[in-house]
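Undergrad: Sharing the features that Swiss-Prot gives for it:
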{"type": "BINDING", "residues": "Tyr35, Tyr162, Gln166, Asp169, Gln184", "note": "L-tyrosine binding site"}
{"type": "MOTIF", "residues": "40-48", "note": "motif ''HIGH' region'"}
{"type": "MOTIF", "residues": "218-222", "note": "motif ''KMSKS' region'"}
Amino acid sequence: MSVEQKLYLITRNLQEILGEEELKRIVSERELNVYWGTAITGKPHIAYLVPLMKIKDFVDAGCNVKILFADIHGFLDNLKAPIEKVQHRCAYYEKLIKSALKMLCVDLDRIQFVKGSEFQKSERYTMDLYRILSITSKHDAKKAGAEVVRQVENPMVSSLVYPSMQALDEVHLSVDAQFGGVDQRKIFTYARKYLPLLNYEKRIHLMSPMLPGLNSDKMSSSDDLSKIDLMDSKEAIWRKIRKCFCEEGNKDNGLMMIFSHIVFPILQLKGECVRITDRDGREMAFEKYQEFEEEFVRKSIHPGDLKSNAARLIDEIIRPIREEMEKDLDMVREAYN
């Protein structure tokens, strides 16, 4: 694979890159080392498929990929994951994300899976944490986590430590680049400012767009009606989609974004087109999202038909993940009661 082809796979569908020239230099010389981290908090939802599809691109481009299950981060973020539940939820996340990657035809042998607690309690990491905290102001720590850490009027000190640890993870995972959603941007710029003060090099930061919620700006694990969980039943999917805003001819809604960022890319990956059936039984087939969007804007697709087909297609996509997870319901109950 040529350098140009690798760069195309690594950068396609990203919203922003910090350190693009360094990225080009590394890819022209050797394999890129990149990681994606996920804090162990609420149940993963379908928006997780966006970064997981990007991870497939990294693997296909020959990158050395690490996935971090940030168990300590989940506990630090205003107790989103109670300490007694963290390890159970970590097992849940690992099984679920591996199931989703298999659905996306990703070779799991090409990915290294790491728990934060495996290295974040080491003497070297702890001393680095003391060092970075000693030069970080409360203002910078709070600003860095503003889009990621739960914001409360009187935050716990633990939530202010969160961005510093995420910055240090780049060093202690020995990576060239960190990948995340554009909501991570303030943490990324914090890392780029503070790591050089500890005599560590700036890392590259790759950011994907955020998928909006069904009725909100962001799909969130803490807002049940904004999201579709990767384990939701067919009935639960329909119940949530039926309630979401969808005006005839108006493409600015959460459902259309799901078609754009999840349904079309995944079906294209599987070599399938998107088939929409209306209430009269007539079928339309679409190879590209743009064609689909144009038909919706022309009002050729009714919102009711959009919702019913979205529910069907989403169920078809996540069904293999759900079925794999249902083989170990005891693990699910231990993680989320």
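Positions of Cβ are set from backbone N, Cα and C atoms, glycine also.
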Undergrad: If you skip the near sequence neighbours and keep only those at least six away, which residues in the chain come within under 8 angstroms of Tyr35 (L-tyrosine binding site), Cβ to Cβ?
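TA: Counting only residues 6 or more apart in sequence, the Cβ neighbours of Tyr35 (L-tyrosine binding site) under 8 Å are Val65, Lys66, Ile67, Leu68, Asp169, Glu170, Leu173, Val175, Ala177, Gln178, Phe179.
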Undergrad: Please count the residues of the motif ''HIGH' region' (40-48) that DSSP assigns to helix (H, G, I), strand (E, B) and coil.
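TA: Helix/strand/coil tally for the motif ''HIGH' region' (40-48): 3 helix, 1 strand, 5 coil.
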Undergrad: Need one number for the L-tyrosine-binding residues Tyr35, Tyr162, Gln166, Asp169, Gln184: the maximum pairwise CA distance in Å, whole number please.
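TA: Overall maximum Cα spacing for these binding residues reaches 17 Å.
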